[in-house]
Amino acid sequence: ADNRRPIWNLAHMVNAVAQIPSFLDLGANALEADVTFKGSVPTYTYHGTPCDFGRDCIRWEYFNVFLKTLKEYTTPGNAKYRDGFILFVLDLKTGSLSNDQVRPAGENVAKELLQNYWNNGNNGGRAYVVLSLPDIGHYEFVRGFKEVLKKEGHEDLLEKVGYDFSGPYLPSLPTLDATHEAYKKAGVDGHIWLSDGLTNFSPLGDMARLKEAIKSRDSANGFINKIYYWSVDKVSTTKAALDVGVDGIMTNHPNVLIGVLKENGYNDKYRLATYDDNPWETFKN
């Protein structure tokens with residue numbers, strides 16, 4: 001058996017359809033897109049300024065078009081199909097929502113995915129989806145999302161969905177306990193990703209929270225399944241994150257991780273995740 005840790009190589013801030021093949025060609029097996037809302041309606045994949053150093057912050061697409069394009073890349077038999085593209089993270093910019101818009105926004109994202117990505121359950125895209133929310137207070141989003149899939153008779157698609165409550169960032173990131181509580185309120189037990197990190201121009205810091213999260217993931221009663229670190233663009237940072245035990249790297253340069261995974265000392269411990277790797281399964285250190 002292959003006992004190496006499977007690694008998700010997440011291309012950061014992929015918001016225009018033309019960027020999808022470019023990042024996959026660099027070796028990404030997963031993509032992250034930013035979802036911007038108008039009211040409670042997910043309307044664009046768009047980040048805006050400021051963003052990571054060296055990146056064009058204003059590339060965008062209509063959300064429905066973006067999802068249909070993701071579907072093409074992840075549906076076997078499609079001319080654009082890529083076997084290695086196995087997961088995408090939707091970075092949901094729910095900070096713009098009022099409290100009473102949070103649940104409807106979750107319902108709307110579910111409807112969009114159901115129609116434009118999953119093709120109403122009829123041979124849609126096969127990639128796994130992580131819903132990343134910037135505020136642990138927005139757990140109603142997840143409840144609304146799940147409710148729609150149940151109502152529409154597609155509860156089975158929740159097998160393909162994971163969750164990442166990543167903030168708020170200010171005044172400081174929530175504790176792991178507070179994050180765990182939010183998941184309970186969301187009715188989520190399992191399929192949990194945790195992200196930790198900084199913009200690519202921040203000094204790296206001591207990875208203290210990352211190490212704490214990994215310790216929690218690996219503990220007997222840990223609630224986290226996978227941990228990814230962002231934005232990791234240098235060989236040295238990539239190695240440091242792998243050494244600590246992350247499951248994923250979010251990067252502006254997916255080719256960097258591909259290079260590291262070929263190196264002695266890394267190629268025997270880590271490998272690029274494939275579709276057969278379950279993203280909701282904990283791989284302990």
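Quick reminder: no glycine exception, Cβ is built from N, Cα and C everywhere.
Together with Glu32, Asp34, Swiss-Prot lists one candidate of Asp83, Asp91, Asp100 for binding Mg(2+), that being Asp91.
For His47 (active site, nucleophile), other Cβ atoms within 10 Å of its Cβ number 24. In sequence order, Met13, Asn15, Thr45, Tyr46, His47, Asp91, Lys93 constitute the residues six or more apart from Asp34 (Mg(2+) binding site) in its chain with CB-CB distances below 8 Å.
Take the mean position of the Cβ atoms of Glu32, Asp34, Asp91, the recorded Mg(2+) site; other residues of that chain with a Cβ within 8 Å of it are His12, Met13, Asn15, Ala33, Val35, Thr45, His47, Val89, Leu90, Leu92, Ser132.
Proximity to Glu32 (Mg(2+) binding site), judged by a C-alpha distance within 10 Å, picks out His12 from the recorded positions His12, Cys51, Cys57.
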